[in-house]
Amino acid sequence: MMALVSNHNFQADSRRRIVFGAACTLSHMGAVLRKAVQSLPPHQTEVFQAVLEQLQWFAGQQIRNVAVNASSVSFHPPTTFCVSSPQSQFISAFKQSPRREDDISIVTAAMSVTFSPGTDVVKDLRLSFGGMAPVTVLARRTADRLLGRQWGEELLQEACSLLAEEMSLDPSAPGGMVSYRRTLTLSLFYKFYLRVLQKLRLQVSSRSTRYSKHTSTRETDTLDVQERNSLLRLQAVPEGQSLGDVVGRPIMHLSALKQATGEAMYCDDVPLYENELYLALITSTLQTHLSSITHLSSITHLDSLTHLDSIPHLSSITHLYSLTHLDNETVFADGQVSFCWVTCVGHIVGAVVADTQLHAQRAAKAVKIQYEELEPVVTIQVRPETPEQLRRDLAEDVKSNLHYLEAGFKQADHILDGEIHIGGQEHFYLETNVTLAVPREDGEMELFISSQSPSDSQAFVAKALGVPANRVLVRVKRMGGGFGGKESRTSVLSTVVAVAADKLKRPVRCMLDRDEDMLITGGRHPFYGKYKVGFLQTGKVVALDVTFYSNAGNSMDLSQIMERALFHMENSYSIPNVHGQGFICRTNLPSNTAFRGFGGPQGLMVAEAWITDVAHCLGRSAEEVRRLNLYLEGESTPYNQILHGVTLDRCWDECLSRSEYERRRAAADLFNRQNRWTKRGLAVVPTKFGLSRCVLGLQAGALVHIYRDGSVLLTHGGTEMGQGLHTKMVQVASRVLGIPCARIYVSETSTNTVANTSPTAASASSDLNGAAVLNACQTLLKRLEPYRTQNPKGSWEDWVSRTKDSSCGHSAWVYYLGYDFDTNSGRVFNYYSYGVACSEVEIDCLTGTHKNLSTTIVMDVGHSLNPAIDVGQVEGGFMQGLGLFTLEELHYSPRGVLLTRGPGSYKIPAFGDIPTQLTVSLLRDAPNDKAIFASKAVGEPPLFLASSVFYAIKDAVRAARAESGMTGPFRLDSPASAERIRTACCDRFTKLCPPAQPGTFSPWSVRV
């Protein structure tokens, strides 16, 4: 009879059990089990240790402190854990998930084996697996066949063959990763096999020699949570700089405390207006012709709605234009109501407005749409011999000595071809897209939005409403992240909301839910790169031919990121003969858009793929080949721009020194020789990132008011999204005006104070707006000069109180220098940022899991305006790149439906993904005469340095493949997920679970 236990308590009863009540928290459960493990003999706590091993990966400590043992306390019985008494029983549990921490599992397993006393003969065997069927399944046939067998190599081989046959999955199974999941059942059993061998060796010492060749403590241990540490090396403040001059000093982000305490105001924190309404979008669920829509007036059961109206299809407002003025995007599905063309799942068909968010969303879901299905085009992964399947909207070419390219390949000792696919990425800003539109008198419209581009939103809304731009006021206080995702895509939502507010003459608000935002707004462009590279026996690359394909989605938007990809196709390597071309492919997916790096990371990633292949082909160290090919001062790029102020060699040498690369490499090589199923890898990766792209239209501005009390109100054209732009602009104004930062305040960014500004993007905002702030403050100082001359001993307040001209606005432009693709001439970038990262990882060859052991970054940011903020940008960019290259993966169905909509299925890096040791150094004594106060932009360049983790993983996989006799170049696509790592390791287990032949089944998801 079970002991009666209070829901909130636990009890150890006389039958050697611990019983937990349904409301017992998980953290309390863990504490009780840990105490039992410490007090009882090891063989009696096998179950407890298995539970504790899994519990540490379940959510975070805060969640475990409140999460209870059962979801329904009232009716859930207590949970009972039994003390396993026989010394011959061994129990283990395993979980494999895309992300180690706080993630839903791909495959789980619980295994128990009991031996006949004093022997290694299997008496009882239980093997259970989750993730291999809709419910947990037991491998009964396998277990039955192994009874009475000795626990050795013959049992292992037969068990793997039996499991591969019994744990089968339909190739179209939900969740995909079929081959990987089947392989995991074998790999996890092998882990269990090794753990049991270790324990048997301790119990049966006479057989230890037979067991020792199979086991390694490293390869049976779990990946434990380790304490992390971070080392920073900031730049030194120049000798003689006054204490009052804050430029170059690590000033804290001006909003840091408000953000940490929750006091910072965001768009949706604006209090509700009287009579405010809420808008919900109606989106397409198919890519096809839309034949009919249920008229909203027929929805009668939603009688609680104050107002319900569809936004009409107004042909005059449907089309938007981007910076390239390509008029090929619509706010709503294009066409008449009776027959519309929707070009992707998530295409906005219309909207409904109601008194509350809940009512509006219920109404939107109640709208019935009928479709005439058509076959969508969702992927750029087509066979090279059928390129006509691609819809090529635009092609760009970069040619460098093209007529010498063939001669360059003839000069080469070796030529190799390769390819790599780089997946897309969701922006996953904390604050989703949001707009609040408030109609005013005389056709005015005031908008509170979360946008990187207030001026563009102003122009689109004005066009939609049919009013001059001076009637539309756009205000941006701050954003909860942007990363490029709020550069152009916010204009779609703000236009819809503004039209609704204008039509109804009432304030209208809309904030997208996470799944809506992910579905509608697009993300980073997936890329497919093909390359042909010629090189000498020494490792010197002499010829390169590269072709890029990008998945643009259903509109052009900002898909000219292809240009930047081509301008970074050689990364940091000097190559005499280069040809690159790019194809922007239209597909039936939501339009992809700008993302931190703007095509640069994709182009750079392909470059590192071929430089790594060159090293593998020659059997040389990848770092040796990279160093050999680095740019030197005065060399020319493929687009004929001479490089000045190159600091690659300094960054490289300092990075290797600070990371202790030689020592780490020797230790990793020794580790790999001693361990079969756990491998370590290292990679050193440089970056050369072009900044201040010289194109028409980059404009910023600043408006500075000095009030009679001496306080200063600063407004500029940039928007604050957490990157610290306002803080840096205050530092610039403080230096020029010679007053403390505390006297300067930035309220918001608005179109009625600084007009016609460029988006806050491309890492150019500090350069552009800083120059505008500098000019405005210098003008004000000139106006104050007579009063300072008359009263040289006076205070700042004395001077400003006497002037009547204490406001000044200034604009700054980047003049169009131009580049011509046809002649391969002109100036592309104003300057470059350089950096180098060295990373070390450890992979579990049996599951594909990896640990980021260490990363050392040396970044050239010129003379930093604020080292603390710049280091934060380096760290943040690196972690976002870590997600791009090793973790984050968007899954689309063959019909173009986004399957990963939210944190439950789409995983960004967690705390455990931060390298155990992370060191960031800002290169000293590297001034930049092309930007404000000799600084350099820092937002985008560090992101690509996270590829050092990807190539460290590839280095570890190479060591694993060598164990199976495989050498030479091999393909590893990005992101390097656990599935791809495991598959690339190629061993006897993967060979037992080959993938189904393409074309013989309909996959759950497709690579786009």
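Every residue number used here counts from 1 along the chain in the order it is shown.
Each residue, glycine too, has its Cβ placed from N, Cα and C.
All annotation found in TrEMBL is predicted automatically rather than curated by experts.
If you check TrEMBL, you get these features:
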BINDING   F58, K95  FAD binding site
DOMAIN    92-196  domain 'CO dehydrogenase flavoprotein C-terminal'
DOMAIN    261-375  domain 'Aldehyde oxidase/xanthine dehydrogenase a/b hammerhead'
BINDING   Q452, F483, R596, A762  Mo-molybdopterin binding site
BINDING   E487, R564, F598  substrate binding site
ACT_SITE  E940  active site, proton acceptor
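For F58 (FAD binding site), applying a Cβ distance below 8 Å and a minimum sequence separation of six or more within one chain yields L26, R64, A67, D102. Closest in space to K95 (FAD binding site), of the binding-site residues given as Q452, F483, R564, is F483, taking the CA atom of each residue. For the binding-site residues shown (F483, F598), fewest C-beta neighbours within 10 angstroms: F598. Q452 (Mo-molybdopterin binding site) and E940 (active site, proton acceptor) have their C-alpha atoms 15 Å apart, to the nearest angstrom. Taken residue by residue, the domain 'CO dehydrogenase flavoprotein C-terminal' (92-196) breaks down under DSSP into 40 helix, 27 strand, 38 coil. Proximity to the residue listed as 'active site, proton acceptor', defined by a C-alpha to C-alpha distance within 10 angstroms, is shown by the following binding-site residues from F483, R564, R596, F598, A762: F483, R596, F598, A762. Other Cβ atoms within 10 Å of the Cβ of R564 (substrate binding site) number 24 in total over all chains. Report note: the substrate site is defined by E487, R564, F598, and the residues of the same chain whose CB lies within 8 Å of the CB centroid of those residues, excluding them, are G484, L558, I561, A594, F595, G597, G599, G600, A761, A762.
Binding residues for substrate (E487, R564, F598) extend across at most 17 Å, taking the greatest CA-CA distance.
Residues Q452, F483, R596, A762, recorded as binding Mo-molybdopterin, reach a greatest CA to CA spacing of 12 Å. Listed in chain order, the residues near the Mo-molybdopterin site other than Q452, F483, R596, A762 are G482, G484, G485, E487, A594, F595, F598, T760, A761, S763, G939, E940, each with its Cβ within 8 Å of the site Cβ centroid. For the pair formed by R564 (substrate binding site) and A762 (Mo-molybdopterin binding site), distance between Cα atoms is given as 11 Å, rounded to the nearest Å.
Each of the binding-site residues K95, R596 was scored by other CB atoms within 10 A of its CB, and the lowest score goes to K95.
Listed in sequence order, the residues of the same chain lying 6 or more apart from E487 (substrate binding site) and placing their CB within less than 8 Å of its CB are S451, Q452, S453, D456, L558, T593, A594, P759, T760, A761.
F483 (Mo-molybdopterin binding site) sits 10 Å from F598 (substrate binding site), counting Cα to Cα. Neighbours of Q452 (Mo-molybdopterin binding site), defined as other CB atoms within 10 A of its CB across all chains, total 27. Cα separation, F598 (substrate binding site) to A762 (Mo-molybdopterin binding site), rounded: 7 Å.
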